[in-house]
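Visitor: Dropping a structure here in structure tokens format, bear with me for questions.
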Amino acid sequence: MKKIYNVYFLCGFATLGGGLFGFDISSMSGVLGTAAYTNYFQVGSGQYKQGSITCAMPFGSLVGALCSSFIADRYSRVRAIQFSSILWIIGSIFMCASNGIPLLVVGRVIAGGCVGIASAMVPVYQAEIAPKEIRGRVISLQQWAITWGILIQYFIQYGASNIDGGPNNPTQSTAAFRIPWGIQIVPGVILFFGMFLFPKSPRWLASKDRWEEALQVLSKLHGQGDVNHPKVLAEYKEIQEALALEREQSATGFQELIKPRIFKRVILGMSLQMWSQLCGMNVMMYYIVYIMQSTGAGSPLLTASIQYILNTALTLPAIIYLDKFGRRPAILIGFFLQAIFLYLEGGLQGGFGAPNPHTDPKLDAISWTVADHPAVGKAIIALSYLFVCSFATTIGPTSWTYPAEIYPAKVRAKAVSLATASNWIWNCLLALFVPPLLWSINWKMYMIFAAFNTAAFIHMFLTAPETKGYTLEEMDDVFDSGLPAWRKLERKSRMEELEKEIIEGNLKITPAHEATGVSATHVTPEKQV
């Protein structure tokens, strides 16, 4: 089957996997406020049942993320993403057909397996096929796709919530939640068939000693099909050298991850994904309807929808400018602003709020309200929007870009799967415990998440160096330089040096890679490989 080699198309289409992640995030938020969902599943007060339903998908995603590297390393990144789409289709069918909480939970766990695999392997595939000049841009497309998935699913649910007289009609049909859960099958089907058009990652091919194929793919991705293009040969040579070094070190698999030079990067990637959850964004996504209800918003579903639009729109600037301004500034600015907005939001909730008198049955899911202070309610809504905007332009894109690019090729899939698993562990815990926390400690929860953002800012300032402008094979130099994280490694690009030598005729790369030898043979007056 004929393959497509346009990097932007490949990276953009692959983010349908991120879109499924977005469908997951808002797969509950739009139905929580409907009578059909509440009456059919009998979630009740206290929210432990709802927390269990919500966290089923993050739990499945955790399992999927942990398994993703085994599938991706053995069968390729492309086949791993394709397999994930099958899980999504099966899980969505179960959700759509659910006749009670048990089948709904099973469906969400299976669909979650898809999201775990896709969320780990889509950024890896993007990082391995994109040139360094646009790597941040194309990987951040993953976050944009997530926001589109959130937005599209939410508005599908918002439209379906008006079936049979609207969300407050006690006799509302179950179509209010079955239609949205059924429609989400469609992108899974598109992703499955679309992946047949994708070439395998050249770095994965090289790791399997399929060097001729790797060179052909590189040439079509970055050299318009010319296997002798200097940029293609330089990248090919750099991959050779990196794999040779890794093989000399002999260790493979997870034991390689505990070596000090790699382990610190594993912890960094896992930490960034952890902080991206503990910053509070997914609370805004999963349970925004409850937050809007506590402010006395006239139409919580409609008011909540604005933040989904902002989330999608404000991710676009990050895609455009991430490769210009860098990852580190985005991370630090993001956590700083998010902390400020949450401290203010928690202060307003605590200073002007009061226990919910439960005079309105539609508001039984919340225990704290500022409805008696309309101006304060509007300020809280505005702060929620500002929080979402700051996340969308900073932490959202970088939390996927940064972990996908900081590891050596030999352990990249495994390390990214652990980083993504960290995301899903905390996602699962938050989905389970936030509803009872909102119920029991209400406004204090905002202060807890604000403190997490403060801690994240300090941690990332001390440990996260800039990665903009380096090839994947140069990340070892960045992290092994001995420089503090706030100082950027100043050095010439190894790939640019190789490209220059090739152009000048001082370095010759033999396109046909013979056997498994990857070392350079020096001759005078030229170098030959």
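Glycine residues also receive a Cβ, built from the backbone N, Cα and C atoms like all the rest.
Pulled from Swiss-Prot, these are the listed features:
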type     : residues : note
TRANSMEM : 7-27     : transmembrane segment
TRANSMEM : 52-72    : transmembrane segment
TRANSMEM : 86-106   : transmembrane segment
TRANSMEM : 109-129  : transmembrane segment
TRANSMEM : 138-158  : transmembrane segment
TRANSMEM : 179-199  : transmembrane segment
TRANSMEM : 272-292  : transmembrane segment
TRANSMEM : 301-321  : transmembrane segment
TRANSMEM : 330-350  : transmembrane segment
TRANSMEM : 375-395  : transmembrane segment
TRANSMEM : 415-439  : transmembrane segment
TRANSMEM : 446-464  : transmembrane segment
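What's the neighbourhood like for these features in this structure?
Guide: Same-chain residues lying 6+ beyond the ends of the transmembrane segment (7-27) with a Cβ under 8 Å from its Cβ atoms: 57, 61, 81, 84-85, 88, 95, 108, 111-112, 114-115, 118-119, 121-122, 125-126, 129-131, 134, 138-139, 141-154, 157, 180-181, 184, 187-188, 190-191, 194-195, 198-199, 221-222, 282, 285-286, 308, 400.
Remote same-chain partners of the transmembrane segment (52-72), defined as residues 6 or more beyond its termini with a Cβ less than 8 Å from a stretch Cβ, comprise 24, 27-28, 41, 43, 79-80, 83-84, 87, 91, 101, 104-106, 108-117, 119-121, 124, 204, 286, 413-414, 416-418, 420-421, 423-425, 427-429, 431-432, 435.
Same-chain neighbours of the transmembrane segment (109-129): 7, 10-11, 14-15, 17-18, 20-21, 24, 56-69, 71-72, 77-78, 80-81, 83-88, 90-92, 94-95, 135, 138-139, 141-142, 188, 199, 201-204, 221, 400-401, 403-405, 409, 412-413, 416-417, 419-421, 423-424, 472, counting only residues six or more beyond its ends whose CB sits under 8 Å from a CB of the stretch.
Within the chain carrying the transmembrane segment (138-158), a Cβ under 8 angstroms from the stretch's Cβ atoms is held by residues 7-8, 11-12, 15-27, 29-31, 119, 122-123, 126-127, 130, 177, 179-180, 183-184, 187, 285, 301-302, 304-305, 308-309, 311-312, 315-316, 318-319, 322, 392, 396-401, 404-405, all 6 or more beyond its ends.
Within the chain carrying the transmembrane segment (179-199), a Cβ under 8 angstroms from the stretch's Cβ atoms is held by residues 1-5, 10, 13-14, 16-17, 19-20, 23, 27, 30-31, 78-79, 81-82, 85-86, 88-89, 92-93, 95-96, 114, 129, 149, 153, 156-157, 160, 163, 217, 220-221, all 6 or more beyond its ends.
Within the chain, the transmembrane segment (272-292) has long-range Cβ neighbours (under 8 A, six or more residues past its boundaries) at 25-26, 28-30, 32-33, 54, 150, 300-301, 303-304, 307, 331, 334-335, 338, 342, 365-366, 380-381, 384, 387-388, 391, 395-396, 398-399, 402-403, 419-420, 422-423, 425-427, 430-431, 434-435, 438, 445-446, 449-450, 452-453, 455-456, 459-460, 464.
Listed as Cβ neighbours of the transmembrane segment (301-321) (distance under 8 Å, sequence separation of 6 or more from its ends, same chain) are residues 26, 29-30, 33, 137, 140-141, 143-144, 147-148, 150-151, 154-155, 158, 161, 167, 284, 288-289, 291-292, 330, 381, 384-385, 388-389, 391-394, 396-398.
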